[in-house]
Amino acid sequence: MRPPILDMEMDKFKEECGVFGAYSKDGMDVSALTYYGLYALQHRGEESCGIAVLNNKEIQCTKGMGLVTEVFKDKGKLDKLKGEAAIGHVRYSTSGDSCECNAQPLLTQGKLGSMSIAHNGNLTNANVIKELLEDSGFIFQTSIDSEVILGLIARYAKKGIEKAIFSTMQAIKGSFAIVLLTDTQLIGVRDHNGIRPLCIGKINETFILSSESAALDSVGAEFIRDVEPGEIVIIDENGLRSLSYCERTSCETCSFEYIYFARPDSVIDGISVYESRLRAGEILYDECPVDADIVIGVPDSGIAAAVGFSKASGIPYEIGFVKNKYVGRTFIAPSQELRETLVGVKLNPLKHVIEGKRVVVIDDSIVRGTTSKRLVDVLKKAGAKEVHFRVSSPAVKYPCYFGIDTPYRSQLIGANQDVEEIKESIGADSLQYITMEGLLKSLKKHRGFCLGCFNGEYPLAPPTEEF
């Protein structure tokens, strides 16, 4: 029997979004810069993307469904976006439907002039604010909570742009990394818990804001620092200044940024994503040793942990799967029947590496368990003598409310089965997860982290009806 297709991301938490912004005082092509920045952030969202550019107090926006290279395959689209500042967005829908009307950046005209926003995260009090705004006459054009932010800024317009943004940030709850264009400024904001990442870079006289530092590297920018929790960064012709819209709280960065979402070459809040994954693999062996012949990692985010496991154990690391780099994260076969028939479209096992071996396979997480079961099945069909599954994060038991598309708790295998039951469900010879203590050790905890999907303890309350 041929093994089933391995469409890995079917059984993963889905990325939130990625944001990028640039303000240039020396004539740099900000639209091209933003295009390449978004290209470097493509892993954070593959459904839609867009770029908005500020030119002489007017903002133009181009966006569409698809990858960055697809939406801007006509070079003329970029050529028309000229100006002194730009923001961009790549999206995976966490709130609102997946359609072009919900693509970002969003653009509006009002008492404060032109304004455009790109947002990564999720507001937990969006519904009650939306009702309040609708009662006061605001008409929504989309179904995403990013428009709620724009609506609230418009509500406070009499205060002036900076005070309006300040008041808006104090009113909204949830997670957010925001880049905003006004008719004279590029503004960046990070939520007061710092759940979603945002950093600052610079190329000569051009300031850059980005979800990840890897995008700064990609465009040749120097990393300056991370935007702090509760900080508003304002960039204009006078340079960069900042203010805080709330009392400083401890940083509660999403732990899944390090485990899965972020690029391994990013550094978030002073922690290298690659090194944290490598350490997780080393700790995983210390906590969950096993006798085996080879260690393999599930591409891509399981590879660094597999290398760490190999280093700690002395068990040779091998490439066990070949990934089809032309199949994107959104790949879905036309039917379930075809999905079960196609072989190796996403991942193809290297049979000569696996056959007759006791294999340790390292993955970053188990969500529903369907992919883990398929992985074990494929490895055994490729001739693995034993398959020992190791996971570089604790068991996922709770949903995320802060910008990640997660299943209901009833669909999370870790919430409904113990480790032994999950081992039986996926068909592995053994199964172990890294402990919570091990995860925090891998992150060299010097600040806080959001661990809600593991322990149900969130840095702020889940969705509420309070305003």
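Cβ atoms are placed via backbone N, Cα and C, with glycine included.
S301 is the only one of S276, S301, S430, S442 that TrEMBL places in the Mg(2+) site (with D363, D364). Just one of C246, C288, C400 is listed by TrEMBL for the same [4Fe-4S] cluster site as C254, C450, C453, and that one is C400. Working note on the binding-site residues C450, C453: by count of other C-beta atoms within 10 Å of each C-beta, C453 ranks first. Across the residues of the domain 'Glutamine amidotransferase type-2' (17-238), the predicted structure has a mean pLDDT of 94. Nearest Cα neighbour of C453 ([4Fe-4S] cluster binding site) among the listed binding-site residues (S301, D363, D364): D364.
Sequence-distant neighbours of C254 ([4Fe-4S] cluster binding site): residues of the same chain at least 6 apart with a C-beta under 8 Å from its C-beta are S175, I195, R196, P197, F261, C400, F402, G403, I404, F449, C450. Between the alpha carbons (Cα) of C17 (active site, nucleophile) and D364 (Mg(2+) binding site) lies a span of roughly 20 Å.
Considering only the recorded positions C17, C400, the Cβ with the fewest other Cβ atoms within 10 Å is that of C400.
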